[in-house]
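One structure below.
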Amino acid sequence: MQQPQVDVSSLKFDFSKINIPNQHTPIHKEECCISFDTPKSEGGLNICLNTFLAFSQKFVRKHFELTGNSVFLNIKRIKKWTPPEEKKVEEVPTKMAIGVEGGFNIKEEEEDDKDQYDELLSLVLLEPNNVVIPLPNNDLPEKVKLSIKGVLENQAVERKKEVLQWEGEPLDEGKHTLTLKQVGNVKVPPSGWKCSQCDITDNLWLNLSDGHIGCGRKFWDGSGGNNHAVEHYQQTGFPICVKLGTIQLDEHGEPKADVYSYAEDKMVKDSKLVEHLEYFGINIREMKKTAKTMTEMELDQNLNFDFTRIQESDKNLQPLYGPGYTGMKNIGNSCYLASVMQTLFSLPEFQKRYYDREMSCYVSTSSIDTLTLQMAKLAYGLLSGDYSREEFDENNERRYQEGIPPRSFKSVVGKGHAEFSTMRQQDSVEFYQYLLQLIEREDKRVGFENSITHLFNFKVEERIECSETKKVKYTHRKDNLLSLPVPLSEATNKAEYDEFCKREKEREAKEKELGLAQNVNSRPIGTSNENKEVVRPKVPLSKCLEAFADVDAVENFYSSALGRKTIGLKQTKLSTFPDYLFVQIRKFVLDGWVPKKLDVFITDAEELDLTNIRGTGLKPNEQELPSDEPKQESIYIDMQIVQSLVEMGIPENRAKRGAWKTNNVGLDAAMDWVFDHSGDADIDEPIPEPSKKQSGSTSSNAPSDSDVEAIMNLGFPKEQAVVALKQTSNNIERAAEWLFSHMDDIDQYLKEETPSTGITKEEKHETFTDGSGKYELIGFISHIGANTGCGHYVCHLKKEVDGQQKWVLYNDSKVLVSENPPFDMGYLYLYKRK
């Protein structure tokens with residue numbers, strides 16, 4: 001329908017409400033700031049010409065009512081009709097990269113818009129009569145035209161925040177490549193290669209020292225090789241290999257190939273590659289790429305993972321649509337984030353806090369990047385149902401929903417974090433705890449008496465007994481995650497599992513003797529040479545709880561009753577039971593100092609009874625250890641333990657604290673301590689020097705009123721502002737950062753700040769919910785892959801579907817009714833008290 005002509009000369013513009021953007025002005029024009037509407041949505045997107053924030057048709061008028069900004073640029077994209085024969089065939093990515101040739105094309109949406117959509121522009125004046133002026137229009141005032149021009153020509157802030165390339169860091173020169181010694185007189189043909197120890201003809205590696213050709217390593221799912229290349233390195237010490245089939249010249253005529261250093265256990269650069277290859281008669285100019293590179297093979301793994309059990313991909317599952325059944329688009333290894341957020345927003349308390357409220361709250365350029373607004377926006381996207389509607393293609397076949405892209409949410413949550421700000425896969429448990437920390441800080445900042453995170457908090461009781469005097473000491477701490485060990489010795493099928501392991505070892509030894517060297521890991525999961533299923537240990541969840549509460553011996557425990565060190569007997573229980581309990585199954589263990597994922601089933605996980613691990617504090621027949629502490633000695637930390645923990649992905653400060661708190665007795669003890677104390681407020685703080693006290697709290701460095709006011713303007717009370725400035729030598733920027741990082745213990749600082757006045761602020765006591773220890777399972781997150789830094793996450797949630805309680809699978813953008821939920825394969829379980 002053609003728009004009626006508008007006499008622009010009769011319109012009155014409030015030019016004070018119109019700004020002209022420059023190249024540095026943040027311009028939102030790809031997605032609504034409050035919802036997930038885009039220019040392709042019905043009604044398009046309205047960009048405020050004052051703030052350059054974008055609003056959908058649903059929220060634009062509320063923004064006008066709150067701000068008085070009435071002039072908007074409307075951008076609407078309408079899909080063109082494309083004949084079937086002209087439609088593009090979607091290309092499969094060939095590179096583990098984003099925004100580069102062969103990689104995942106995040107520009108695709110922007111570029112395809114030009115070819116597949118017609119863009120309609122109009123100027124909208126909500127005051128006085130909702131006037132719509134089609135563009136271009138030369139009769140508009142010059143300032144209005146310049147404002148529109150700036151919006152259209154400058155890049156959207158949404159695009160600026162995206163990672164355009166993901167090629168990884170440039171390879172370093174190998175430590176052994178420049179001084180590599182080559183021996184023997186082997187000549188390698190240009191094709192027709194085969195492993196020298198088995199019949200594999202692909203995934204082959206040429207050792208650049210002696211010309212040995214061996215097959216590559218096995219992948220976690222059984223594909224790959226038989227480890228003959230790495231075994232040759234272990235036998236000879238020759239460290240550098242090149243992958244046959246990847247040797248070629250790049251587009252610039254430079255040598256290119258996959259070169260691996262077994263000594264450094266990573267891909268490296270070999271500046272002398274041409275020379276090293278010529279030694280074996282290989283002319284790189286005659287070589288053509290025939291094999292997949294390591295990156296391409298890793299990509300194949302990501303594209304072809306067989307998630308049959310967890311994703312129920314062997315079943316035709318019923319898709320769901322509507323409020324609460326909106327998927328989340330994978331924006332690049334974001335499944336860990338999606339699984340956690342879907343789980344949290346399935347809880348009525350989170351829905352009430354972030355969705356069942358006035359959604360069209362005031363949005364300004366300063367509030368757009370706040371956690372509260374982004375949580376509310378995500379809640380609207382997941383719970384409104386606006387983005388989860390059943391649709392059909394031109395052939396009347398049902399299409400899966402696209403899901404909402406959590407780009408702005410991820411950008412805000414991950415800002416400043418070394419891992420969550422990247423496109424790399426992350427641990428969903430770490431993300432859950434990090435997010436709760438952010439929410440708690442935000443709730444304290446805005447003045448909530450009780451943060452919503454209290455739903456998951458519980459009090460942990462740690463009891464330690466002097467083995468000689470039998471006197472005890474009780475300590476308590478807060479946590480939001482119950483991390484359980486997996487006692488394989490308690491497997492209900494232990495005899496069958498032990499027999500399977502014995503049989504496999506015998507078979508491996510026999511095959512190695514025959515030169516076959518194909519073990520169970522080189523075949524698809526679920527098969528063996530005898531065509532029998534692999535036997536996995538089945539450990540009941542109740543046995544994991546018992547292992548958690550077992551008594552552990554602590555070496556070098558200082559007994560204040562004896563005045564010396566002895567053996568302590570430590571036991572951990574829970575003093576309170578929260579409304580909701582997250583339980584992590586500790587599937588990652590050390591095998592010869594190498595992190596390994598336990599291939600284990602957790603049975604009987606649908607219900608949980610914590611009654612037997614309730615901590616009741618000091619008993620009538622117990623005597624407490626004297627309160628005097630030993631004189632603080634210099635702190636010694638075994639850096640070998642720390643380094644091993646860091647290599648497993650544990651942050652350095654946590655690793656140091658784990659070694660310190662366990663008296664450097666060993667790696668396992670330190671790792672257990674880190675897992676058990678992951679919710680401690682100071683877990684990531686540097687270990688304090690024993691001789692130092694809190695710095696800065698002196699009367700001589702009283703902050704100025706203007707500095708205090710500056711901190712108060714950020715939303716902090718005056719007494720907190722004063723303490724923060726004193727702790728940071730009156731540096732305003734550091735003071736603000738100090739406050740955010742000390743929210744958990746700020747009251748203790750306030751108490752210490754005014755000890756002589758007689759009007760000390762009482763330390764605020766943490767409040768915990770408590771009740772029955774019996775729980776039912778309402779959700780779980782599953783992980784598949786070799787470690788938490790790769791693979792895939794999905795979640796299953798218990799919901800009411802058509803009047804019945806059913807399990808629903810959330811797999812990125814897909815939301816489906818689950819027919820056979822894999823309860824025994826969970827990594828993170830969520831329980832609700834009965």
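Counting begins at 1 with the first residue displayed.
In case you wondered, yes, glycine gets a Cβ from its N, Cα and C as well.
Noted in TrEMBL for the protein shown:
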DOMAIN    170-284  domain 'UBP-type'
BINDING   C195, C198, C215, H228  Zn(2+) binding site
DOMAIN    326-834  domain 'USP'
ACT_SITE  C335  active site, nucleophile
REGION    678-707  region 'Disordered'
COMPBIAS  693-704  compositional bias 'Polar residues'
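The DSSP secondary structure for C335 (active site, nucleophile) is helix. Taken through DSSP, the domain 'UBP-type' (170-284) splits into 16 helix, 24 strand, 75 coil. Taken together, the residues of the domain 'USP' (326-834) have an average pLDDT of 81. Just so you know, of the binding-site residues C198, C215, the Cβ with the fewest other Cβ atoms around it within 10 Å is the one at C198. Other Cβ atoms within 10 Å of the Cβ of H228 (Zn(2+) binding site), summed over all protein chains shown, number 22.
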